[in-house]
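**Student:** Before anything else, here's the structure in question.
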């Protein structure tokens, strides 16, 4: 395996040389640097001590956790023997001290404890029952096959950080797969990315509720080809019930107008969901991440700006894409800033959204958004 060295944050990492990232014997995606940046900032803000990077590949995420956060014990796991050997090499590259290797486990004891394992992620998480403060799942595709085990491995007041890259499934391109994996009806069109993210969270909430665990969404977002969510678990049946009450369904008609309802069973056959209708962020948490991003070494130049957009985004479910609304009603497309300004003048709140550069989140009714577009003609 031919290797090259890359730098990200404070880490130096050996990665395979390959023309296409998917052809490499061990997976490494430089485009996920922003994802890893936000994860490092989140772990730094939380101060979690015991961390599991369950699907570690090159080890870049777990090594950045060890170098850049207060975490004291970091486990890096991958079932691929090539990945295990590469993680060991990368740990040696970034940390002094003797790495003790025995079979499919390597341990480095020092100021930080690093544990590298070559194991099936589900088996490892089931064996380490309620051991970790922070469990990170960053799979290729859907995280659902790992979720039950992750909920066993994390402490009952711990944090799950979960990535899903099966956006085609969650966004309705593969409806049957969404029904199978997430037990939810997806939606196509301009709302698919936010609905897909909320379907993912809604499924996680239902899984957690089986173990009498409630969920607080610290931050959830869509970016490029993936969804990402940081979920703080809350212990107790009542907190699980409270989280379940924030599930519901989305409806959208041909005009582009949408509505949603908090209910266990939908009132109409045209429902999309069940999905999460609660907040996608804890405002104080996101503000802290944005503050930390100004002083922390980052792997992506886009991280701080993206966190600023998330920080300023209005916390309401779903949005109106001005291009889609204009197209449906035979109107000319106008600048988003103009629509936002008109809504503000009428006393409504309105902001840009990270889900689309041509969309806005607002507490204004659909008719007011449509009227604002007409005023700009």
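Cβ coordinates come from backbone N, Cα and C, glycine included.
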**Student:** Please identify which of 36, 152, 156, 157 is recorded by Swiss-Prot as part of the S-adenosyl-L-methionine site containing 61, 78, 120, 121.
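**Tutor:** Only hit among 36, 152, 156, 157 in Swiss-Prot's S-adenosyl-L-methionine site, alongside 61, 78, 120, 121: 36.
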**Student:** Which number gives the other C-beta atoms within 10 angstroms of the C-beta of residue 61 (S-adenosyl-L-methionine binding site), all protein chains shown included?
**Tutor:** 26
